[in-house]
Amino acid sequence: MTANFSALLLDIEGTVCPISFVKETLFPYFLQQADSLPHSKDLHIRSLLQKFEVDDVVAHIRSLVSQDIKDPVLKELQGLVWLNGYASGEITAPVYTDAINYIQTTEKPVYIYSSGSVKAQKLLFQYVAGDQGTIDLRPKLQNYYDINTSGTKTNSQSYMKIANDIGLPPAEILFLSDNSLELDAAKDAGLQVKLVIRPGNAPVDYQGKYDIVTNFNVL
Ligand SMILES: CSCCC(=O)C(=O)COP(=O)(O)O
Ligand SMILES: [Mg+2]
């Protein structure tokens, strides 16, 4: 069924790119740099490390990553570290082809809401893997929201805040995610929602509550 919506709000991991990219490429790249972070000369990195307020910052970081805890300071830090991986060509983002095509061709405004920091989101969409080299999708994206700017993705107030910032009634915004708790929160805020199922996503017990999207061609 085609939803009638004026703007699209997209999750990233498990929605526009495989979960394996985050777990098997981005997180290991970040962890490789973890030991050197306390010795960094980058003032932004140093100030973020202080915010953890723990004695063993490296052990703390490793623990957060291993449990996939969506900690706002960790997410900010990851964005700064991934910059080097993308800029050196070591990392490119495997955004699904149907998502690339949709973002490139739709006339509707497209927004991003991810637990990854806005900086990390912009990097991912700047360095999208394409047949002829990387594709920069940033000019096609209206705005980015993260857990620092907008709150956690399982809280309905976060979606109200985002709808207010977009400047549309919540009912005119379609949110796509692989996570049913996020969809529940967005639905409570009045947004339209659809569950994205991609290869490698964890099975979701959605009990028929949501329309399913497996390919953005159907939007
Ligand atoms: C923005 S790329 C990094 C992805 C990430 O760190 C993450 O936690 C993904 O969460 P999402 O909300 O996009 O499922
Ligand atoms: Mg997700």
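Note that Cβ sites are derived from N, Cα and C of the backbone, with glycine treated the same way.
TrEMBL does not curate its annotations; it predicts them automatically.
Pulled from TrEMBL:
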BINDING   ASP11, GLU13, ASP178  Mg(2+) binding site
BINDING   SER114, SER115, LYS153  substrate binding site
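Distribution of TrEMBL features across the structure.
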residue: ASP11; record: Mg(2+) binding site; CB count, 10 Å: 21
residue: GLU13; record: Mg(2+) binding site; CB count, 10 Å: 23
residue: SER114; record: substrate binding site; CB count, 10 Å: 24
residue: SER115; record: substrate binding site; CB count, 10 Å: 24
residue: LYS153; record: substrate binding site; CB count, 10 Å: 23
residue: ASP178; record: Mg(2+) binding site; CB count, 10 Å: 22
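With respect to ligand 2, the binding-site residues SER114, SER115, LYS153 contribute no residue with a C-beta closer than 6 angstroms to one of its atoms.
Listed in sequence order, the residues ILE12, GLY14, THR15, VAL16, ILE19, SER114, SER177, ASN179, GLU182, VAL196, ASN201 complete the 8 Å Cβ shell around the Mg(2+) site centroid, once ASP11, GLU13, ASP178 themselves are left out.
With respect to LYS153 (substrate binding site), the closest of these binding-site residues in Cα terms is ASP11, chosen from ASP11, GLU13, ASP178.
Residues ASP11, ILE12, GLU13, LYS70, TYR113, GLY116, ASP146, ILE147, THR152, GLU182 surround the recorded substrate site, their Cβ atoms falling within 8 Å of the Cβ centroid of SER114, SER115, LYS153, which are themselves excluded.
If you take the Cα of GLU13 (Mg(2+) binding site) and the Cα of SER114 (substrate binding site), they are about 8 angstrom apart, rounded to a whole number.
The DSSP secondary structure for GLU13 (Mg(2+) binding site) is strand.
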